[in-house]
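**Q** Structure below; questions to follow.
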Amino acid sequence: MAKKQRYNTTQRKELRKKEVDYIKELETKIDEYDASINKPVFFKDLPISNSTLKGLNDSAFLKLTDIQRDSIPMSLKGYDILGAAKTGSGKTLAFLIPVLEKLYRERWTEFDGLGALIISPTRELAMQIYEVLLKIGTSTSFSAGLVIGGKDVKFEMERISKINILIGTPGRILQHMDQAIGLNTSNLQMLVLDEADRCLDMGFKKTLDAIVSNLPPTRQTLLFSATQSQSLEDLARLSLTDYKTIGNPDILNPSNGKVLGPSTPETLQQSYINVELPDKLDMLYSFIKSHLKSKMIVFLSSSKQVHFVYETFRKMQPGISLMHLHGRQKQKARTETLDKFNRAQHVCLFATDVVARGIDFPAIDWVVQVDCPEDVDTYIHRVGRCARYGKQGKSMIMLTPQEEEGFLKRLASRKIEPSKLTIKQSKKKSIKPQLQSLLFKDPELKYLGQKAFISYIRSVFIQKDKEVFKFEELPTDEFANSLGLPGAPKIKMKGTKSVEQIKQMKNASRQLLSLAKTNEDGELVEEKSKQPVRTKYDKMFERKNQTVLSEHYLNITKAQAQEDEDDDFISIKRTDHALNEEELPQLSLPSSRRAQKRALSKKASLSTKGNATRVVFDDDGAAHPVYELQGEEDFIKAGAAEDQKLEYLQKEKDVMNEVDVEDKQVAKQKKQEKKRKRLEAIRREMEADMDNESSGEEKVPFLGTGNLSDDMQDPDSDDEEGSRLRKRSRFETNNNYNDNDSDDGVIQVEEPQTLEDLESLTARLIDN
């Protein structure tokens, strides 16, 4: 390994001076650069540093896209950017390159604190941005960090003070701002919001406002998304006054309010099919069966639907790998699923909108939307998972007759016109019988189907666009049957929150919510329990099952016909209460101790009760004694005694004949087994004889057996060592294989090996 070159003080001063001169020259090029005149095509045509350019070349990023060509020069000059471009157009590099260049020109070090903050609405998108930054920043000396939910907070807090570029989700970033001691944002140079319209909506409003309040107003702000917002209120929250709008073919022009162009890629083939709600799963299964050599993403509206469709389709085995991804999974499972899906060639991923924004999946062939999205922006982000970077892609959305007219009108307002597909009858396949069979056999799967039904109905109920989502026209009974359920579960819509309220509660900080329960001193006040202290027996009787026998499961499985109107506020509940002594029976107690002892004695009680009688029960449940004597009248009705005797003998003979056949088979099997064992013993004896004859051959060593001294012995002493280790027979002496007879009359012979040896030994004994 080559030694690191060391410089003296003079050389270091010269290097620093060269770097300062190079940065000044670079800033001069940036000020004089005009993209409209130069029209750059490659990254090397831009006024960026050599270290950033080297990282781009090593990562095979050579050619500029439209959004990069228009936004990077403006970002380098220090303008605030409101960037919008079609999905898959390279927006990530459009803000990562200015971040690296800004910190490089400022000569940023780890002692300067946090220099750039990049906020992403989802964990998966934040991880993707972090991976791209690691690729293009290999030649720089900046430190980068990723903070997302599902990771160890203490581990992040210990290292966040040395981070120059921080990437994360809004909730975790705000948590570190409140708790991490070493996080200093006073010197922040750049703030980047990826998928800015999602970060600025109601779900992250309070969190983002709290983050922005901790940042200096002199920062540079970059906003990027495929569906950008120009709301003056949102821009004022981020202190955007003098900003540049870049790459805006899909943004509403603030002057005339007209759409300037479609926001989906030209290489994307968009289509839709008109299908009834109860037939959606049949259509989805038929589509998957006819596209087994494809890589597709199937979007559904809720995590419970994703889980139900994945579990049922997995049991039916359509012939393609199936995966599922939703926000209720653990972070480790989500990361592993994304990694497997990216590496797979032919696979189907059932997912919610957690992966609808920004995630760059390689080589997606189809994007299928089973449920209608809440708005056109969600539709654009979903279909944007395919046809990225100029590649081909296809998308299909399933619209019910109630949704078709209204949603197509919304798409036409954004110049999106999908073509209508007609499915061949030969390609359609009904899976309702299979679903009913699966749910009948598996109660937990049935419970999952009921929750999927409820989640879909509620998702339609809370939508704001009532022209598209017509709740009153939903065929609930038919939809429940299509899921394999015997009937539609009971749903309570009272007090259902809106979409904005649900998003706000989902993204709210748990620690901020806990502050509402604190007193003036900041101590957490626990509510006093009004119930008395419960014993372990009370807890045992109050214990309830948490699976399919839970209270929630029993509530949704009740038949609506059996429920009364009063069930909403009156229900039977087990309680412990005092018993009325007047209703208790008066039992006579023994007066003397001898009587009490006799009453408790089992032997004494049996003497008065008599012997136990054994009974048997027939098919009708009636009890009979084991042995019943036939009466005289019944015996006469059965016929003559000789006839009954012959009938009984014939019956027993038939039974014996049947048993005799079985006994013969058992005897035959035992005989064959005995013969097999005898032949096996003969074979083992023959193998042992062959081993003794070939004892002079070289031994095969085995690892881990024997002694080290055995492995190191002299080859010439094999026979002697073998004879020493071998157990001697009763007619062998210390002098092995000695043919001479001793003086005491004992015949000493070799060990008999064959039948001839035994015959010769017998003859010698007779002669003696």
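Don't overthink the numbers, they just go from 1 along the chain as shown.
Yeah, the Cβs are placed from backbone N, Cα and C, and that goes for glycine too.
Just so it is clear, the model here is predicted, and its values are computed rather than measured.
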**Q** Have a look at 517-548, 581-612 and point to the one annotated region 'Disordered' in Swiss-Prot.
**A** 581-612
**Q** For the record in Swiss-Prot, which of the ranges 41-69, 157-185, 215-243, 389-417 is the motif 'Q motif' one?
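**A** Spelled out, Swiss-Prot records motif 'Q motif' over residues 41-69, not the other listed ranges.
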**Q** Would you mind telling me which of 194-197, 442-445, 730-733 Swiss-Prot tags as motif 'DEAD box'?
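**A** Residues 194-197 are the ones Swiss-Prot records as motif 'DEAD box'.
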**Q** Give me the sequence-ordered set of same-chain residues, not including Ala85, Lys86, Thr87, Gly88, Ser89, Gly90, Lys91, Thr92, with a C-beta within 8 angstroms of the centroid of the ATP site's C-beta atoms.
**A** Thr65, Ile67, Ala226, Arg388
**Q** Where does Thr92 (ATP binding site) sit in DSSP terms: helix, strand, or coil?
**A** helix
**Q** Which numbers of helix, strand and coil residues does DSSP report for the motif 'DEAD box' (194-197)?
**A** 2 helix, 1 strand, 1 coil
**Q** Counting every protein chain present, what is the number of Cβ atoms, excluding its own, within 10 Å of the Cβ of Lys91 (ATP binding site)?
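**A** Its Cβ shell of radius 10 Å holds 25 other Cβ atoms.
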**Q** Going by DSSP assignments with H, G and I as helix and E and B as strand, what are the residue counts for the compositional bias 'Basic residues' (667-678)?
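**A** Secondary-structure composition of the compositional bias 'Basic residues' (667-678): 12 helix, 0 strand, 0 coil.
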**Q** Take the motif 'Q motif' (41-69) and find every residue of the same chain, 6 or more past its ends, with a Cβ under 8 Å from one of its Cβ atoms.
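**A** Contacts with the motif 'Q motif' (41-69): 26, 29-30, 33, 35, 76, 83, 85, 89-91, 93-94, 97, 100-101, 104-105, 135-140, 246-247, 389.
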**Q** Please indicate, using numbers and ranges, the residues of the same chain that are 6 or more beyond the compositional bias 'Basic residues' (667-678) and have a C-beta under 8 Å from a C-beta there.
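**A** That would be none at all.
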**Q** What is the pLDDT of the motif 'DEAD box' (194-197) when averaged and given as a whole number?
**A** 86
**Q** Could you give me the DSSP helix, strand and coil counts for the compositional bias 'Basic and acidic residues' (653-666)?
**A** 14 helix, 0 strand, 0 coil
**Q** Sequence gap of 6 or more, C-beta under 8 Å: which same-chain residues meet both conditions with respect to Thr92 (ATP binding site)?
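**A** Same-chain residues close to Thr92 (ATP binding site) (Cβ under 8 Å, separated by 6 or more) are Gln128, Ile129, Val132, Asp194, Gly358, Asp360.
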